[in-house]
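One structure is given below, encoded as structure tokens.
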Amino acid sequence: MAAFGIATGGSNWFSALALGVTLLKCLLIPTYHSTDFEVHRNWLAITHSLPISQWYYEATSEWTLDYPPFFAWFEYALSHVAKYFDQEMLNVRNLNYSSSRTLLFQRFSVIFTDALFVYAVHECCKCIDGKKAGKELTEKPKFILSALLLWNFGLLIVDHIHFQYNGFLSGLMLLSIARFFQKRHMEGAFLFAVLLHFKHIYLYVAPAYGVYLLRSYCFTANKQDGSIRWNSFSFVRLISLGLIVFLVSALSLGPFLALNQLPQVFSRLFPFKRGLCHAYWAPNFWALYSALDKVLSVIGLNDKWFSSAVPTHSPSLSDSLGHLYLHSDCHVGPRGFLRCLILCALSSFMFGWHVHEKAILLAVLPMSLLSVGKAVDASIFLILTTTGHYSLFPLLFTAPELPIKIILMLLFTIYSISSLKTLFRKEKPLFNWMETFYLLGLGPLEVFCEFVFPFTSWNLKYPFIPLLLTSVYCAVGITYAWLKLYVSVLIDPPVGKTKKQ
């Protein structure tokens, strides 16, 4: 509660939102948890009971440590609290160990560290003015944004049912974004550098940070037309940014460099031997590609013809495709940076190598910040969020969680659409007929996958069909949202450009 009091700065409604979602998280403690629960328990055991020289070599469990060193130290710190709950969870040999105390500790560790996310949301709300609305509290952009972030359905089910620590990591990213809006560039750069050494998936958005800092911080002045004044480049600022990155990296990787273990660490962080698609296809370009490839092979078309029509996919190709996003708008203030960050995250999700479906949250959460500013951004946010959140449904496949995920998503989706429609009620509708038809199609898809298909004769022979349909259907919506966002960036004149231009 103290954390909430600090974060809210006396805003009673913000405290109520934060406290309400915290109570909901506590109610979710007994629910199903995935193998990620055992993954993090094993990492607690590794970092607590073994010397640092063995952290990235230990392989007793199949769930080896494959996050950057800062996260390993985070687990190490947690382990010194965990020992007061159940010492047995810290034994590396206790594979798949579980107890009521272990469950409580790990669940509450996620809830407690979410305090950073709450603080970051509050800081973002101070920076994002949004569209002016009515006098009612629930119609104010800051209230809507707070609800969209604090009660985000994706974070709730991924962190507090499935089990991960995305909350405080997303908090670091949102806090770095807020610092850019507050013109505290060095703090923003430091926070992002730290974030990279907690979870390397944020490398996806590193180009947006690099370009923005180079353009808006290292160059200290612009011409009247908004273009760069080249003689304003500050080497001192560039060196200071480089020093931040170097010191954070040295603190993280230095011990492993001294142990001559960097190759081993990097082999764990970047396992390119894994396949292009995850076991459950993330709803992106490669899901559509794989589905089309399968259809063509079934109907008897020559596989070689299709393979020659699409370049051979590899990690380097995926990365190249994933970086077709940087636009000149990236340097036009922090709002332009935010757009490019989202394009980075979404483009990398679309074309990345071995992408997990949970990575859609990297785009959904920052897109929330734009959704209260313009109607077109609200429309993109609603399509992306509704589709992206539904694509997470297969993560919770047990019967007791079925009503929970359906009810929580319905509540979040209904609130999102109704609140943003109210905010932009004087403008054109947020959805056209095609978008409305597509989003409504998620209902019949869910009915078929959960209530019809299990009772058909295909269930035993083709059990993967619900996953395939979900992945492909959601890939269409996410691809559409990505294209719509890209087009809006290209045709929307950057803020600050004159009419004469």
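Each Cβ is built from the backbone N, Cα and C atoms, and glycine gets one as well.
Annotation comment: TrEMBL describes 1-18 as signal peptide.
The transmembrane segment feature in TrEMBL is assigned to 12-33 (among others).
What TrEMBL records for 104-122 (among others) is transmembrane segment.
Look at TrEMBL and you will find 143-163 (among others) tagged as transmembrane segment.
Summarising the annotation, TrEMBL assigns transmembrane segment to 189-214 (among others). Within its own chain, the transmembrane segment (189-214) has Cβ neighbours under 8 Å at 67-71, 74, 169, 172-173, 175-176, 179-180, 238, 241, 244-245, 248-249, 252-253, 269-270, 322-323, 326, 330-331, 334, 336-337, 340-341, 343-345, 348-349, 352, 359, 362, counting only residues six or more beyond its boundaries.
Tertiary neighbourhood of the transmembrane segment (235-259): same-chain residues 52-53, 56, 68-70, 186, 189-190, 193-194, 197, 213-214, 217-218, 220, 265, selected by CB-CB distance under 8 Å and a gap of 6+ residues from either end. If you look up TrEMBL, you'll see 235-259 (among others) marked as transmembrane segment.
Under the heading transmembrane segment, TrEMBL lists 336-353 (among others).
Only residues 6 or more beyond the boundaries of the transmembrane segment (360-384), in the same chain, are considered here, and those with a CB under 8 A from a CB of the stretch are 124, 128-131, 141, 144-145, 148-149, 152, 154-155, 158, 166, 170, 173-174, 177, 201-202, 204-205, 282-283, 335, 338-339, 341-342, 345-346, 348-349, 391-392, 416-417, 420, 423-424, 427-428, 430-431, 435, 438-439, 477-478, 480-482, 484-485, 488, 492. The transmembrane segment annotation in TrEMBL covers 360-384 (among others).
The transmembrane segment feature in TrEMBL is assigned to 404-424 (among others).
Listed as Cβ neighbours of the transmembrane segment (436-458) (distance under 8 Å, sequence separation of 6 or more from its ends, same chain) are residues 382-383, 386-387, 390, 393, 402, 406, 465-466, 469-470, 473, 476-477, 480. Annotated transmembrane segment per TrEMBL: 436-458 (among others), in sequence order.
Positions annotated as transmembrane segment by TrEMBL: 464-483 (among others).
Contact between the transmembrane segment (336-353) and the transmembrane segment (464-483) holds: at least three of their C-beta pairs are under 8 Å, each pair 6 or more apart in sequence. Taking every recorded stretch in 104-122, 143-163, 464-483 and counting its Cβ pairs under 8 Å to the transmembrane segment (404-424), the highest total belongs to 143-163. Within the chain, the transmembrane segment (464-483) has long-range Cβ neighbours (under 8 A, six or more residues past its boundaries) at 280-285, 287-288, 291, 346-347, 349-350, 360, 380, 383-384, 386-388, 390-391, 393-394, 435, 438-439, 441-442, 445, 448-450, 453, 458. Residues 13-14, 17-18, 20-21, 24-25, 28-29, 31-34, 36-37, 40, 106-107, 110-111, 114, 117-118, 121-122, 124-125, 128, 130, 137, 170, 174, 358, 360-361, 364-365, 368-369, 371-372, 385, 388-389, 392, 395-396, 401, 404-405, 408-409, 412-413, 415-416, 419-420, 423 of the same chain lie 6+ residues outside the transmembrane segment (143-163) yet bring a C-beta within less than 8 angstroms of a C-beta in it.
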